[in-house]
């Protein structure tokens, strides 16, 4: 009989930031006796989860993808956003061979260059500055037909903030004397990640067929009509932009389509609809043979050109565990499963040796304020069983509630989500202590601690750039170190496990054993 393992457990409370003001703070307005007691009695510290400390631009809010990459890598990982900002500033972007070839191919064949992406200054899935640079690249290289298909945000940005962005692009096309915004649609449709293919189909038809529920002469007019229908940016219905006398922008064989989102998880479904010959998410009314470019690699099995292939990370936490013959479990709900697997492993899809995974289905509801507890009860039951099983050296778990319910902007629901989490943490803490294991509780970024934007008075549906908590539960006598960041977590776990820290990990342990 093998010896029962005492696991090192990392619980990531997604979107659970730290803010001392109670006003509009779902975490402080919730009843959280368990987290309150842990914070009062256990070794703890605050760590940075945004900006330069996670490889993002200064003061840029953190997000789940960035957070989990840094958590697993044990070093600051410069994100695609920062990398692209530098490329554009230094103008190497304009010489990227994949992008220039795609534009030249369309231009030389008299075909259109279609550019699609999330038109947002949010910097989470994309940045409008990158899309602007792509428009400039296409124009500079002589493309005549340049069509922008704008996905609208309102989730990583205020709920009604797209007008300024659309106007900026309409002005740009006017100045260039060519190109135009061809369609607008909310990210709810174009950027689903939970196999809700009926939504994706609407965005696909909009772009391939130039058919939507609505039509407008200009993008700004289309947006204003959506607001009049009470649709915020995220939920704007498929709208064709087509003034009298204009040729429509329906996609044709031989056209180029460049997807300017850099974050993978919400880019995959619509990309597969365009690229995969055997696609079966919905019956495509029109299949177009496009020259399709992904800005970054959205998945290894999507076979199409990539402008910025991933830089590989060596000796992430998961890989280091495998090299040291340790067993590990990754567990979460659908919404954050990719984060504790693919992103935590530095963009590696395949599990490492000794790595097991458990996926709990997220509830099928339109928005998570309708079920703020999500699937946390089932997730906790499975997590507790795994802790007590004695099978795993380490377990990584993500609870999505604080983030997914925080995104709805509904304060009462976010409070319920936080209270559900407190109950879960109680069970997890008891399980860890009962087997003599160790537990770190942290977050990947903030969200639920700021539910209203003090400047606008609108619901605050985006992430924050506030610090996140880090709490230690275990038998070791440890002292907390101040000034930490997400990339210090993996080295902290290794040191608490008594393991060597690989040299690639430049993070420092945040709990020193006394």
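Each Cβ is built from the backbone N, Cα and C atoms, and glycine gets one as well.
Per Swiss-Prot, the feature active site, phosphoserine intermediate maps to 64; the stated evidence is sequence analysis. Within its own chain, residue 64 (active site, phosphoserine intermediate) has 14, 336, 339, 343, 403, 444, 445 as residues 6 or more apart in sequence whose C-beta sits under 8 angstroms from its own.
DSSP assigns residue 444 (Mn(2+) 2 binding site) to coil in the three-state reduction, outside any helix or strand. The 10 Å shell around the Cβ of residue 444 (Mn(2+) 2 binding site) contains 34 further Cβ atoms across the protein chains shown. Look at Swiss-Prot and you will find 14, 64, 444, 445 tagged as Mn(2+) 2 binding site, backed by sequence analysis.
Taken residue by residue with DSSP, residue 264 (substrate binding site) is part of neither helix nor strand, so it is coil. Within the same chain, the residues at least 6 positions away from residue 264 (substrate binding site) whose Cβ sits under 8 Å from its Cβ are 65, 296, 297, 298, 299, 342, listed in sequence order. Sequence annotations record features per position, and here Swiss-Prot assigns substrate binding site to 125, 155, 156, 187, 193, 263, 264, 265, 266, 336 based on sequence analysis.
Around residue 407 (Mn(2+) 1 binding site), the same-chain residues at least 6 positions away in sequence with a Cβ under 8 Å from its Cβ are 15, 155, 368, 447, 461, 462. The Mn(2+) 1 binding site annotation in Swiss-Prot covers 403, 407, 463.
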> What other residues of the same chain, not counting 14, 64, 444, 445, have a CB atom within 8 A of the CB centroid of the Mn(2+) 2 site?
Replying inline: 12, 15, 49, 62, 63, 67, 68, 336, 339, 398, 403, 443, 447, 463
>> Just to verify: the residue among 125, 193, 266, 445, 463 with the fewest other Cβ atoms within 10 Å, which of the binding-site residues is it?
In response: 193
>> If I take the alpha carbons of residue 156 (substrate binding site) and residue 463 (Mn(2+) 1 binding site), what is the distance between them in whole Å?
In response: 7
> From the centroid of the CB atoms of 403, 407, 463, the recorded Mn(2+) 1 site, which same-chain residues not already listed sit within 8 A by their CB, in sequence order?
Replying inline: 14, 15, 63, 64, 155, 402, 404, 406, 445, 447, 448, 461, 462
>> Let's check the environment of residue 156 (substrate binding site): how many other CB atoms sit within 10 Å of its CB?
In response: 21
> Could you tell me the C-alpha distance between residue 266 (substrate binding site) and residue 463 (Mn(2+) 1 binding site) in angstrom, no decimals?
Replying inline: 17
> By a simple count, how many Cβ atoms lie within 10 Å of the Cβ of residue 403 (Mn(2+) 1 binding site), its own Cβ left out?
Replying inline: 31
